[in-house]
């Protein structure tokens, strides 16, 4: 950017908005060398259709990235532009470069496979539809080359023969040299075989040169050692050199053959490389957007009456500084611009964030054009801007030896020249053709009209902004001129905004306020910076009462704005609390309804059981009367029994309402574990609950749990015991006490070391065998807990299992699950 006179105003705007810095940040998220280069030199497209396609590609790659099983990476894809260019010039490709080509083919083939396996990636399927990954070329390269890039013997029979010959000659040379070392060891400085160039030599003492005839190829720095090729191996050395030349010739022939194959598919390789770069860029856009916490923009088309909505918008470069370089936290701004607004005048003190607001808006408009997401809260709604044109800063003025005012005017002239000629309403659907919509431009003006006499500068700024209001653009301008604040009340296409100033701390808050013009606060800032108070007071006197009254009115509006914002925040908080309360009440009502249904079901079961018992008793009486000879005594007994049954049924009353009962989704406490857990299933009949405790799922008796506020589960009331029945038969034998559960080999399954499938198969068999015992101990061990979870998941759905729980600590604890059978 050293010679800005050669740049268009759109290109110069990229520099003013620090677009190259953002591109550099984006490049750090790429995975290929060409992707990084493309990201660093990324330019926004000039057509809306291209931006729409880029955004769709970003969203498609995001869906791939969000899939946990996707094999989406760019390993193996290299920058092969140099070897491709050399091949086009008739040059030779090296072995390592050929391997890079093969790796690139394999990498792109893998990416294409991921895309083709999905039905929802039409935009990417279209992108890779014409890509040829050339498996034949890849196979030929791997057949001819080893992993180190050297030509392999399998590449040709001739090469294999040459290398066998080389091996034989080397062995002959080694054998002869070993014999010389053994015979003339006194002449050697060291008993080693070394090389000088491509010749084998021995280190000979200088004084023994005459005893070792041969060719001297080198000497030590001191001259005490001569490196001599003994005469006995000179001829073999010549044969070795000749064989090496033959090997080199054959290797070059094979590389030439592979290079010619590359040349034949050069256009396919260049296209493949371009597509890989575009996919890498799309992936980088996704990852950079994710890092920013950004959301995709929804385009507002010309004629759309929706407002531009950018809530909690953050400057991406300041966010980078805060996160990566330890800079201050970014203060987000909110932009909501109605569709009829054409010009926004931002006023307020210096260093208050006016220029940052301009740059933020300009940068995110560029980001949207290249397919990046916007660092703002959802939903992001904004138009596609045909051009982003800015006049920010005085760099151009300094470079061209212009005054500040002249520099601004020259740049504004270029902005006006870049806008479409003629006065058109881009937001009027009657003017725009549906097939050829006129997209607006975005014009950003910093300190419009500054650098000259305030009266003339203000008049010029008003005229300029009124002219821009008639153009197909949205203009955002910062200013200190109070006259510009009044334009809103004269023309509905104008809007005011201001950067907030804290009168208490005498410092800006960097928040953007809409609808209220700002105060320059020059005197307050001067006082905060240390200017003597007497000077500040004298300036206030010179300023006059009318100006002070205006500032007081604006200050009052700002105070009312803050008060309304506080009330809105309180109302929002109250709304959130109400929603939470509503959810809690709804959950409680659902819980009560569930308990009512459960209670009714329980009562129905009790009634059915009582009816069945009564029928059985009556049947017994009838059978007794039918078996023996009727007598008055038996008839009397039967009458008494029937009366007793009738009295029992009349005495039946509805059970008491059940007290605390756990519900699905509720968190409860298990005192024996000292942990809380979440209820996933309630079995009222078995008086157990299924709970999730960390990674464990288990069944726990209700008697062993309590609510978070300490309430114990109240068991359902038992039916009144039926009085002892008067029977005609001999009295029944005394009821047996429940059997004691005893662990034996027959009711114990050890599945440690089993895979889950085998464990389930063995568990099914063991459950059937343990039916008589009524209980089954399953030893699964502790380990990672995966086998335990699988076993307990299997038990929770098995019809033979009534409940299950972890064994006591003295019986295996978390390594053993006890299943109680029906």
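Every residue gets a Cβ built from N, Cα and C, even glycine.
The ATP binding site annotation in Swiss-Prot covers 348, 349, 350, 351, 352, 353, 354, 355 and is backed by sequence analysis. The Cβ of residue 349 (ATP binding site) has 22 neighbouring Cβ atoms from other residues within 10 Å, across all protein chains displayed.
As annotated by Swiss-Prot, region 'Disordered' applies to 707-737.
Under the heading compositional bias 'Basic and acidic residues', Swiss-Prot lists 709-728.
The average per-residue pLDDT of the prediction over the domain 'Smr' (749-822) is 88, rounded to a whole number. Sequence annotations record features per position, and here Swiss-Prot assigns domain 'Smr' to 749-822 based on sequence analysis.
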Secondary structure at residue 354 (ATP binding site), reduced by DSSP to three states: helix
Densest Cβ neighbourhood among 350, 351, 355 (binding-site residues), 10 Å radius: 355
Helix-strand-coil residue split for the domain 'Smr' (749-822), DSSP-based: 31 helix, 19 strand, 24 coil
Fewest other C-beta atoms within 10 angstroms, as judged across 348, 352, 353, which are the binding-site residues: 353
Residues that sit under 8 angstroms from residue 354 (ATP binding site) by C-beta distance, when 6+ apart in the chain: 346, 347, 348, 446, 478, 499
